[in-house]
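Structure first, then comments.
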2 protein chains.
Amino acid sequence: MIKNDRLLRAARKEAVDAVPVWYMRQAGRSQPEYRAIKEKYSLFDITHQPELAAYVTKLPVDNYGVDAAILYKDIMTPLPSIGVDVSIKSGIGPVISNPIQKLSDVENLGQINPESDLPYILDTIKLLTEEQLEVPLIGFSGAPFTLASYMIEGGPSKSYHKTKALMWTQPETWFALMDKLADMVIAYCRAQVKAGASALQIFDSWVGNLNREDYRKFIKPVMTKIFTALQAENVPLIMFGVGASHLVKEWNDLPIDVMGLDWRIKIDEARAQGVEKAVQGNLDPSLLLAPWEVLESKTKEILDMGMKEEGFIFNLGHGVFPEVNPDTLKKLTQFVHEYSSKM
Amino acid sequence: MIKNDRLLRAARKEAVDAVPVWYMRQAGRSQPEYRAIKEKYSLFDITHQPELAAYVTKLPVDNYGVDAAILYKDIMTPLPSIGVDVSIKSGIGPVISNPIQKLSDVENLGQINPESDLPYILDTIKLLTEEQLEVPLIGFSGAPFTLASYMIEGGPSKSYHKTKALMWTQPETWFALMDKLADMVIAYCRAQVKAGASALQIFDSWVGNLNREDYRKFIKPVMTKIFTALQAENVPLIMFGVGASHLVKEWNDLPIDVMGLDWRIKIDEARAQGVEKAVQGNLDPSLLLAPWEVLESKTKEILDMGMKEEGFIFNLGHGVFPEVNPDTLKKLTQFVHEYSSKM
């Protein structure tokens, strides 16, 4: 039962008693309880055991007092269901043994059936939302470009040369892949909502590598398709990417509720460019290593800008990282709530 | 003796018979002659032997017909001279064993004396400019932020958490480091010009990670100092960084001649934001893997925009990478010359 619905209200641009806060990658990483678990279990083990996954997902709600939980899982999680052979290599990241090179590789991909393919994910959501959480649970998925970048490069990349070359060289293959991934994202997100998620965030983490023209031609149609389909789910839809300030006007055309910004663009600047959606962001996560006075002053600045209009969710501009002291996140959450409730 | 001065003329916004072309990282990487050399010699060996380094530097001028050479060396090259213990680890990049953590670490850094510390670099420049080249040789240096990021993180980073934390937490240490590096950059660049370089490019490759506010406070003063000092050298000064579209207005205030853009921002957009400097860029290097028709059409688009005003240098938005076919770079150079000389 959701008792604290600040996140949902802010996402719909309704009034709130305090600015809602959550942190990308808040579950896992910097939490000592999580590290103790990781000494015994792998990421695979944790995501496959609903009790464990729910415990890790709920930790930051209990420890930091954040206004939303986000499922502990990886953007790669659904890919094996459509036939992508992913393994997570320590120190490297996701490695894919059967990269996409041609149309037949895309045609060979299957369809996802979340209920039978990922029952443990849905069971985790049910456990959390039916029994444990009093805040909204955010379901999520990677977006087609970001997922495709791993599927084409065969692993993490800095430059996405192969991905972009395939996009320009084999548009038929590209759009077939986008379509296949869109179907997966839609089915996967729908199942998460059906299981109890009350908001959805789509991570197009690496799409900022494209310029606006390529975004418009190769990405915007598939994102429009995804968000249009997901609007029927009647939950807030959040879009996020890193280093994507130059795409803000394109994102503004998408049927989303909330635009996630990183720290490279000020909230004032984004709104001056015509952004009328609710905004989520955008503290530079490196600031979590700075002294409290610096962190507080930058946080105030962001809150002062964000709160000029209804519809603001406080978050980082990218994820929490392992070096962050959990006490800092706790103190920051309290500060945002206190500062914003006085305004 | 420089017979082809297109680059210098374009940098000064003078008329040219054809648009000058060069490619970041054109020396090395994708050239078969270079790979044959690398089977016998390390990067260290090559940069320390002027004949070899000059040969590698000149290869793209002979093979591709580009209008400028850029010295084959690394942005890390001058750092050992001031006491930074750098080694290049295969598959990782530069690794630094004595990272900067506090003011005394900065105070312990020495000063560079290029003539005695890096005679082989200056000898390479002399060999090239006095005997071998008929096009301008571009000298270069990394910029303080980018160099500092390696020196503080201890190696390559994706997020620069430690670098930014030090910047916010210990401003005295930060500005002392910026000053020390500025002195190094200035002395190093001056020596390159004295030896024969007729243009300078400063690579602030990773500064796009900062937002405008942090750039203004922590970076702009040192860049102003560097470029102001280097103006006395009377050679064109080129600024470059990746993913830095949001900093274009800040760069426009610097006393530089040429602004290097990556592919995330259109030349028209940059000029619409007030950029009046000469512009260099900005083909997405991934396009070098696309079919010729696609590459040609995108190149035409860039040329049509760039050539609307005097002062345009064709380049990539980032460096050449090993998978690029040298024939593509040759054909592209010819195309830019032919297309632009007809206009």
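Cβ from N, Cα, C; glycine included.
Whatever TrEMBL says is automated annotation, not expert-curated.
According to TrEMBL:
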type    : residues                                                                : note
DOMAIN  : B:20-29                                                                 : domain 'Uroporphyrinogen decarboxylase (URO-D)'
BINDING : B:R25, B:Q26, B:A27, B:G28, B:R29, B:F44, B:D74, B:Y150, B:S205, B:H318 : substrate binding site
SITE    : B:D74                                                                   : site 'Transition state stabilizer'
DOMAIN  : B:138-154                                                               : domain 'Uroporphyrinogen decarboxylase (URO-D)'
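Structure coloured by features recorded in TrEMBL.
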{"residue": "B:R25", "record": "substrate binding site", "contacts (Cβ under 8 Å, 6+ apart)": "B:G319, B:V320, B:F321"}
{"residue": "B:A27", "record": "substrate binding site", "contacts (Cβ under 8 Å, 6+ apart)": "B:Y34, B:V56, B:T57, B:L59, B:P60, B:A69, B:I70, B:L71, B:Y72"}
{"residue": "B:R29", "record": "substrate binding site", "contacts (Cβ under 8 Å, 6+ apart)": "B:G319, B:V320, B:F321, B:P322, B:V324"}
{"residue": "B:D74", "record": "substrate binding site", "contacts (Cβ under 8 Å, 6+ apart)": "B:L43, B:T47, B:I88, B:P94"}
{"residue": "B:S205", "record": "substrate binding site", "contacts (Cβ under 8 Å, 6+ apart)": "B:I75, B:G142, B:A143, B:T146, B:F240, B:G241, B:V242"}
Please give the substrate site's span as the largest CA-CA distance among B:R25, B:Q26, B:A27, B:G28, B:R29, B:F44, B:D74, B:Y150, B:S205, B:H318, to the nearest whole angstrom.
23
Confidence over the domain 'Uroporphyrinogen decarboxylase (URO-D)' (B:20-29), expressed as mean pLDDT on the 0 to 100 scale, is 93
